[in-house]
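A short write-up of the structure that comes next.
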Amino acid sequence: MPSNICKFFLTWWLIQQVTGLTGPLMLDTAPNAFDDQYEGCVNKMEEKAPLLLKEDFNKSEKLKVAWEEAKKRWNNIKPSMSYPKGFNDFHGTALVAYTGSIGVDFNRAVREFKENPGQFHYKAFHYYLTRALQLLSNGDCHSVYRGTKTRFHYTGAGSVRFGQFTSSSLSKTVAQSPEFFSDDGTLFIIKTCLGVYIKEFSFYPDQEEVLIPGYEVYQKVRTQGYNEIFLDSPKRKKSNYNCLYSSAGTRESCVSLFLVVLTSLLVQLLCLAEP
């Protein structure tokens with residue numbers, strides 16, 4: 001009996017871990033993503049984030065290297081840039097770093113956060129990147145394009161969001177270039193009101209990038225043909241977590257994280273109990 005129970009839960013857990021390996025990906029509300037907006041705890045996070053960043057560096061050499069590379073570029077470009085009050089070197093470095101090699105691994109960790117929160121080594125990076133976009137946002141909306149090599153499917157019902165930070169371009173030509181798009185993929189045509197034009201920060205300014213936070217919600221979704229999806233946002237946000245890594249974390253966020261970790265532990269304990 002313990003063996004059957006173990007197999008059942010282990011199978012269920014593995015299914016939760018594997019997404020998008022075959023067939024199209026579902027375009028939904030990204031329920032597994034880490035989507036903190038840090039509302040009401042910015043001051044506490046500004047104090048705590050440098051310590052969290054050191055902890056993340058100790059657990060991820062890749063992040064440490066990417067951060068140092070981005071820091072050099074930020075120090076070179078910041079004298080010629082203007083940025084809002086409260087925007088500091090941590091915010092600038094995080095934004096530059098995202099456009100480099102760390103972006104793919106970071107977004108994977110953000111998307112899969114709920115599946116393995118104990119292995120999330122981007123606590124400070126997520127905060128600094130989120131805060132950078134919040135500070136730079138001026139309320140302007142942008143019409144942008146995002147090409148992917150993966151096919152996405154929309155059920156036809158309900159609002160959607162990306163969950164992860166999402167790179168897009170003002171240029172349709174860039175979005176449809178072979179580097180980002182294939183005939184088997186999806187072309188997103190997006191109206192974003194929370195996305196920020198970050199060309200000046202990017203390692204690749206020719207990409208004309210607009211970076212969209214994962215918590216932006218699109219209430220108007222329309223498909224066209226077999227590989228085009230139109231998304232329209234009326235400046236709406238949605239987050240399942242808030243201030244999780246500050247002492248001001250909401251009860252709901254802490255309970256949610258506790259349940260995720262508890263589920264993982266139960267699966268492991270059931271398997272260990274097998275004779």
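Glycine is treated like the rest: Cβ placed from N, Cα and C.
What Swiss-Prot records for ARG146 (among others) is active site. In the three-state DSSP classification, ARG146 (active site) falls within a strand.
The Cβ neighbour count for SER167 (active site), using a 10 Å radius and every protein chain shown, is 22. Annotation note: SER167 (active site) sits in a strand segment as assigned by DSSP. What Swiss-Prot lists as active site is SER167 (among others).
According to DSSP, GLU209 (active site) sits within a strand segment. According to Swiss-Prot, the feature active site maps to GLU209 (among others), an assignment based on sequence analysis.
The annotation NAD(+) binding site is assigned in Swiss-Prot to TYR98, ARG146, GLN164, SER202. Long-range C-beta contacts of SER202 (NAD(+) binding site), restricted to its own chain and to partners at least six residues apart, with a cutoff below 8 Å, comprise VAL96, THR99, GLU209.
Per Swiss-Prot, the feature disulfide bond maps to CYS41-CYS243 (among others); the stated evidence is similarity to another entry.
According to its DSSP assignment, CYS141 (disulfide bond) is coil. Every protein chain considered, the tally of other Cβ atoms within 10 Å of the Cβ of CYS141 (disulfide bond) stands at 14. Swiss-Prot lists CYS141-CYS193 (among others) with the feature disulfide bond, giving similarity to another entry as the kind of evidence.
Summarising the annotation, Swiss-Prot assigns domain 'TR mART core' to 61-238 and lists sequence analysis as the type of evidence.
The secondary structure of ASN58 (N-linked glycosylation site), as reduced to three states from DSSP, is helical. Residues annotated as N-linked glycosylation site in Swiss-Prot: ASN58.
SER246 (GPI-anchor amidated serine) falls outside any helix or strand according to DSSP and counts as coil. Here Swiss-Prot flags SER246 as GPI-anchor amidated serine, drawing on similarity to another entry.
Positions annotated as signal peptide by Swiss-Prot: 1-20.
In the three-state DSSP scheme, SER202 (NAD(+) binding site) falls into the coil class.
Taking the C-alpha atom of TYR98 (NAD(+) binding site) as reference, the shortest distance to any of the recorded positions CYS41, ASN58, SER167, SER246 belongs to SER167.
Separating the Cα atoms of SER167 (active site) and ARG146 (active site) is a whole-number distance of 7 Å.
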